[in-house]
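> Before I ask anything, here is the structure I am working with.
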Amino acid sequence: MDAATAVTATAGAAAAMVWFRKGLRVHDNPALDAARRGAARVYPVFVLDPRYLRPDPAAHSPGSARAGVARVRFLLESLSDLDAGLRRLGSRLLLLRARDDVPDALCAALRDWNIGKLCFEADTEPYALARDKRVTDFAAALGIEVFTPVSHTLFDPAEIIEKNGGRPPLTYQSFLAIAGEPPKPVMAEYSELPLIGDTGEYELLPVPKLEELGYGDISQENISPFRGGETEALKRMRESLQDKEWVSMFEKPKGDPSAFLKPATTVLSPYLKFGCLSSRYFYHCIQEVYRSTKKHTKPPVSLTGQLLWRDFFYTVSFGTLSFDHMKGNKICKQIPWRQNEELFVAWRDGRTGYPWIDAIMIQLRKWGWMHHLARHSVACFLTRGDLFIHWEKGRDVFERLLIDSDWAINNGNWLWLSCSSFFYQYHRIYSPISFGKKYDPNGDYIRHFIPVLKDMPKEYIYEPWTAPLSVQEKARCIVGRDYPKPVVDHEAASKECRKRMGEAYASNRLGGNTVNGKTSESSRRKSSDGGQDASDLSKSKQPKRRS
């Protein structure tokens, strides 16, 4: 090796790249921490993925095929905040645009910048696994050191599965028994990062504005009240944890799904989804609050219990082939869902004629977020409650529009709420009338998101079709003209859904279980999930209130 080659090799070994995908933060970021150690230069990179961002004119709302504008805006805000955080450390975010796919763009930079070490957070989603394998294979061929720590979840799903004999634990309690305590967050503090090296002829982009992505006229699109980024994530977390009594007494099944001006939850899920907030750091901070209080709630309903639920779904999804489909998914009941595009579109667009359901779907479209019990209401209505339409159709809508859309959790929740897996008490159905009414008898939530109903008297706000014509005229809302009539009769539809579910269960010959021939523990527990709140369900049109 001549002197020039030796110098080049040494320089290459001293150059590290940290590749951001999720994990859009500086705090508790093992990949970033590893990249900076021993490196003379660090290249912090994010690649704009056309699969995720390319405009889709055929989509039912502005955005791409996979992301509505609310989530794209949240991503761009998170990238801007990450860039600002890196600049405070003397670095910056290097934003690249992939022409076709991300691996091609990233591998070219690895080669051209003579990178010696590549660090990125491990991912478990099928698309990410295929993408990352292409990159790691390329890096290995060039002799690039690769470090992929697990830091998006509390635990390593692969380790949990290995401890469980090579199978994912299919109940929350069995998951907890295996998991134990999560690793501590990386608390290393540093005031600067190594400088960025020469990027050659590469076009380094500023974080684009939403309007520059080609989604057409988005001037009428509502701006979600939840701003993306690590700064906002840490601020929101600290504000939530200031009320120590609230933290220690937190119980997930409780909460008001109609609260919208001040949501009845932390609304930290989108920050966890994008990795603006570390789940391990959040867990660690909650534990500190617990240590300062006399008593606190326990999993599954506690605040830490919610983070453990997140890991549970990540683990099951990672270890289950075709987790995001009914067919080929061994833990999913095979149910003959019906095809009815007209009913599906009415649900998707908030035109079912049931104001509680429609208001939730409109909030989803406008804000990219709604309370977990609101999500349960509309998911039940679409599937086993009223319309008997495939959960995959609803999953796709949530996946595209939710700012906290998470592949593992979104699919897991739809499997649960459709009674296709995990939870099997299909006869317990959310009423699209009385469930919302018990939280918001005046219908303020409905009036906000469906302005045409704002003057409807409260005794009719959940069932406007029952209002006398004179009342409808006075409210300037004629049902069938200004607001749709119900697409189905809930009482008759829910009865038919129960019948169909019963027949499907009988044909599956599983009797409500998919776990080793025994009834799943999660199906026996009324509120074991801290989110899929069975105690808020009912067998009849008018559910009894429960404490």
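Numbers run from 1 along the shown chain.
Every residue gets a Cβ built from N, Cα and C, even glycine.
When I checked TrEMBL for this same protein, it listed these features:
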DOMAIN    14-154  domain 'Photolyase/cryptochrome alpha/beta'
BINDING   265-269, 306-313, 404-406  FAD binding site
SITE      W337  site 'Electron transfer via tryptophanyl radical'
SITE      W391  site 'Electron transfer via tryptophanyl radical'
SITE      W414  site 'Electron transfer via tryptophanyl radical'
REGION    504-547  region 'Disordered'
COMPBIAS  510-520  compositional bias 'Polar residues'
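I'm curious about the neighbourhood of these features; can you describe it?
Mapped onto DSSP classes, the domain 'Photolyase/cryptochrome alpha/beta' (14-154) shows 58 helix, 28 strand, 55 coil.
The Cβ of L307 (FAD binding site) lies under 8 Å from the Cβ of L154, S279, F282, Y283, I286, each of these being in the same chain and 6 or more residues away along the sequence.
For W337 (site 'Electron transfer via tryptophanyl radical'), other Cβ atoms within 10 Å of its Cβ number 21.
Its Cβ placed at the centre, W414 (site 'Electron transfer via tryptophanyl radical') has 25 other Cβ atoms within 10 Å.
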> Please report how many Å separate the Cα atom of W391 (site 'Electron transfer via tryptophanyl radical') from that of T265 (FAD binding site), as a whole number.
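With distance taken Cα to Cα, T265 (FAD binding site) is 25 Å from W391 (site 'Electron transfer via tryptophanyl radical').
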> Might you list, by sequence position, any residue in that chain lying six or more from S269 (FAD binding site) with a Cβ less than 8 Å away from its Cβ?
D404, D406
> Provide the number of Cβ atoms within 10 Å of the Cβ of W391 (site 'Electron transfer via tryptophanyl radical'), excluding the reference atom itself.
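The Cβ of W391 (site 'Electron transfer via tryptophanyl radical') has 25 Cβ neighbours within 10 Å.
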> Measuring Cα to Cα, tell me the gap between W337 (site 'Electron transfer via tryptophanyl radical') and W414 (site 'Electron transfer via tryptophanyl radical') in whole angstrom.
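Distance (Cα to Cα, whole Å): 14 Å.
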